[in-house]
Amino acid sequence: MTTKTNGYQSNGTAKVTRSEEIDSGERYTYELLVETVEYLKKKVPFAPQVGIICGSGLGSLAETLVNSIEIPYTEIPHFPRSTVKGHAGSLVFGYLSGLPTVVMKGRFHYYEGYPLWKCCMPIRIMKLLGVSHLFITNAAGGLNPKYRVGDIMFVKDHINIMGFAGNNPLQGPNDERFGPRFPPMNQAYNRDIIKLAKKVAHEIGLGDKVHEGVYTCLGGPNFETVAELGMLKMLGADAVGMSTVHEVITANHCDMTVFAFSLITNECVVQYETTQEPNHEEVIDVGKKREGLLKKFVSEILRQIFEKGIHN
Ligand SMILES: O=P(O)(O)O[C@H]1O[C@H](CO)[C@@H](O)[C@H]1O
Ligand SMILES: Nc1nc2[nH]cnc2c(=O)[nH]1
């Protein structure tokens, strides 16, 4: 007989069914995450310094890695599974601009049925593997009227709408080995990297397409109503999505240096008299159209960050 621990059975082999796994209210312990890390360390002969999370349709960023090793999430002990189109579901290790890097080709969202602490589990895995710098990308709706489809918004801050209602990835017992019970969040996005990102954007000809703004995350999966968008605009949000915020919180909690950007994949529909509607296919298409430039952008900015030695 086996008993369930953190959605897995104590004999460490047979997994519980998917629905049990998703519904489990138990948290990952530090020790359980170490099991995942030990598995990955056996597969990968180097420790990544840089982590990249690919947003919807942006998985091709992983193609920039040299000497890559790809491991499907389904093979990684205790890892959640990707369920969304545009999120392939594998960890890719390799070298980017000469730096040992791990790329998450596919992230986990709250609307998939995963609690936020589970969505953010891979960030703690990256930390334990040695990642100091985390690049978070996402596809988002542009709420700021100046933003156009294909533009990039460097995230300077966020509004944690889900957190207002007490839904936070750090909710529950705190393990000090990851970070403090009450982490500050006023410097969640590294300012020096944002400055550098603007410079790099100009250098590679993206200059007129970049902005700096505030991201907010709703639980999804539905896109927003006109009234909701009106409210978010009043609150000061420039772009809206269904990810990133909880990842940034988890990464800051364990003292990672964070840079995040949104690819604006659609302009939010803020009036009633229109037949326009946002849809996920369009979101993925815009990601694909922008992939070449974004690969160049990410490689170059990483190179310059480590040349300059930027960290928190
Ligand atoms: O935030 P990422 O994963 O880029 O994806 C965004 O795109 C999807 C909606 O099209 C949602 O999952 C939203 O969060
Ligand atoms: N919530 C939300 N997520 C998105 N992801 C891409 N576009 C959008 C959007 O308009 N709203």
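Just so it is clear, glycine is given a Cβ too, placed from its N, Cα and C backbone atoms.
Quick look at what TrEMBL annotates:
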- Ser56, His87, Arg107, Phe108, His109, Ala139: phosphate binding site (BINDING)
- Glu224, Ser243, Asn266: purine D-ribonucleoside binding site (BINDING)
- 50-303: domain 'Nucleoside phosphorylase' (DOMAIN)
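Counting only residues at least six positions away in the same chain, the Cβ atoms of Val84, Gly86, His87, Asn138, Ala139, Thr265, His280, Val283, Ile284, Gly287 sit under 8 Å from the Cβ of Ser56 (phosphate binding site).
Within 8 Å of the Cβ centroid of the purine D-ribonucleoside site, not counting the listed residues Glu224, Ser243, Asn266, the chain contributes Ala139, Ala140, Gly141, Leu218, Gly220, Phe223, Ala239, Val240, Gly241, Met242, Thr265, Cys268, Pro278, Val283.
Of all the binding-site residues in the list Glu224, Ser243, Asn266, the shortest Cα-Cα distance to Phe108 (phosphate binding site) is found for Ser243. Of all the binding-site residues given, namely Glu224, Ser243, Asn266, those whose Cα is no farther than the 10 Å limit from the Cα of Arg107 (phosphate binding site) are Ser243. The Cβ centroid of Ser56, His87, Arg107, Phe108, His109, Ala139 marks the phosphate site; residues of that chain outside this set whose Cβ lies within 8 Å of it are Gly55, Ser82, Val84, Gly86, Gly106, Asn138, Met242, Ser243, given in sequence order. A sphere of 10 angstroms centred on the C-beta of Ala139 (phosphate binding site) encloses 26 other C-beta atoms.
Among the binding-site residues Glu224, Ser243, Asn266, the ones whose Cα sits within 10 Å of the Cα of His109 (phosphate binding site) are Ser243. Around the Cβ of Arg107 (phosphate binding site), the number of neighbouring Cβ atoms within 10 Å comes to 26.
Contact annotation for binding-site residues (Arg107, Phe108, Glu224, Ser243) versus ligand 1: Arg107, Ser243, each with CB under 6 Å from a ligand atom. In the predicted model, the domain 'Nucleoside phosphorylase' (50-303) shows an average pLDDT of 97. Fewest other C-beta atoms within 10 Å: among the binding-site residues Ser243, Asn266, that description fits Asn266. Proximity to ligand 2 at the level of Cβ atoms, with a cut-off under 6 angstroms, picks out Ala139, Asn266 from the binding-site residues His109, Ala139, Asn266. All protein chains included, Glu224 (purine D-ribonucleoside binding site) registers 19 other Cβ atoms within 10 Å of its own Cβ.
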